[in-house]
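The following features are taken from TrEMBL:
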- GLY15, ALA16, GLY17, THR18, MET19, GLY20, ASP38, GLU97, LYS102, SER124, ASN148, LYS278: NAD(+) binding site (BINDING)
- 11-184: domain '3-hydroxyacyl-CoA dehydrogenase NAD binding' (DOMAIN)
- 191-286: domain '3-hydroxyacyl-CoA dehydrogenase C-terminal' (DOMAIN)
- HIS145: site 'Important for catalytic activity' (SITE)
Amino acid sequence: MHGDLDAIERVGVVGAGTMGSGIAQVAATAGYDVVLRDIDPDLVEEGLDRIDDSLGRLVNRGDMTEADAEAARDRIDGTTDLDDLGSCDIGIEAVVEDIEIKQDLFSSLDDLVDEDTYLATNTSTLSITSIASATDRSERVVGLHFMNPVPIMDGVEVVVGEKTSEATAELAHTFAEDLGKETWEADDKPGFVTNRILIPWINEGIRAFDEGVASKEDIDRGMTLGTNVPMGPLELADHIGLDVALHASETLHEELGDRYTPAYLLKRKVAAGDLGKKTGEGFYEYD
Ligand SMILES: NC(=O)c1ccc[n+]([C@@H]2O[C@H](COP(=O)([O-])OP(=O)(O)OC[C@H]3O[C@@H](n4cnc5c(N)ncnc54)[C@H](O)[C@@H]3O)[C@@H](O)[C@H]2O)c1
């Protein structure tokens, strides 16, 4: 795959949450100048702090020198002003999983950036084609689906919308590879490859637990030891966030029908406010 990376120097990342901060970090580590935008100064600060912590952990583990970590950090500017993304060569969106918010943002970015700037979305389940339709540059819009945690996970799923040009798809692969990632490509169909298969796997794990097939520990042990995945479905759901997993299930259910029906116990846990690791309790308890 070849894509003209010479055209890319400055990367705009919109959304400084879990994914946006990780994307900003790996782009800066690869030598790109990065501008990271969120809607509130505190959220920008939190995103930058998350990057400091993550870089610090990589240094402590000996995966990165202190000088490289500092250089990467110096390449990232935080902002609340979308206009600061005006000179970006690629804009990567990692805001909340809401089609209207994403379309609004893409429409604003489309007005703001140069006509040859690429726009990418990190959406997990929404249609790239629908997001691109808010712009006048659908051929330059692509899915760059990073995995969580971004600095650690090796893979990026490149998602090709109805109007995404071949050159844009190639650029997406080359850019992700330049960030040290390996890629695969999916068509713009609900859930792409990863979530189409992962989300029903998680729901089935939850149902198996709810129906008494085994204890939660044994379901997770069975899947880790039996199929060589690093985490079983219940532990993984807790890590993803049960609200996030439920939202993805609901989107896929809407698009793909009953085989994607969210597990009842997943809905009940979310209703109870037990969202997994981030709230201290999901299927397991956390400190
Ligand atoms: N968390 C995951 O495991 C994961 C994995 C792959 C993809 N994704 C996708 O990545 C995207 C972001 O997810 P996340 O987990 O980082 O969410 P998050 O809630 O941690 O972060 C989202 C951030 O976007 C900000 N935001 C909302 N509207 C904005 C706007 N108009 N401009 C700038 N910032 C705005 C919010 O303030 C928040 O800080 C979603 O589309 C999600 O589906 C998430």
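The backbone N, Cα and C atoms fix where each Cβ goes, and this holds for glycine too.
TrEMBL: automatically predicted annotations, no manual curation.
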Most Cβ neighbours inside 10 Å, all chains, among the binding-site residues GLY15, GLY17: GLY15
Where DSSP helix means H, G or I and strand means E or B, what are the helix, strand and coil counts for the domain '3-hydroxyacyl-CoA dehydrogenase C-terminal' (191-286)? 66 helix, 3 strand, 27 coil
Cα-Cα distance linking HIS145 (site 'Important for catalytic activity') and GLY17 (NAD(+) binding site), given in Å to the nearest integer: 15
GLY15 (NAD(+) binding site) to HIS145 (site 'Important for catalytic activity'): how many Å between their Cα atoms? 14
Shortest C-alpha distance to HIS145 (site 'Important for catalytic activity') - which of the binding-site residues MET19, ASP38, LYS102: MET19
List of residues, in chain order, with Cβ under 8 A from that of ASP38 (NAD(+) binding site) and at least 6 apart: VAL14, GLY15, ALA16, GLY17, GLY20, VAL44, GLY47, GLY78, THR80
Helix, strand or coil: which one is HIS145 (site 'Important for catalytic activity') in, per DSSP? strand
Span of GLY15, ALA16, GLY17, THR18, MET19, GLY20, ASP38, GLU97, LYS102, SER124, ASN148, LYS278 as binders of NAD(+), largest Cα separation rounded to whole Å, comes out at 24
Measure the Cβ-based neighbour count of LYS102 (NAD(+) binding site), defined as the other Cβ atoms within 10 Å of its Cβ. 23
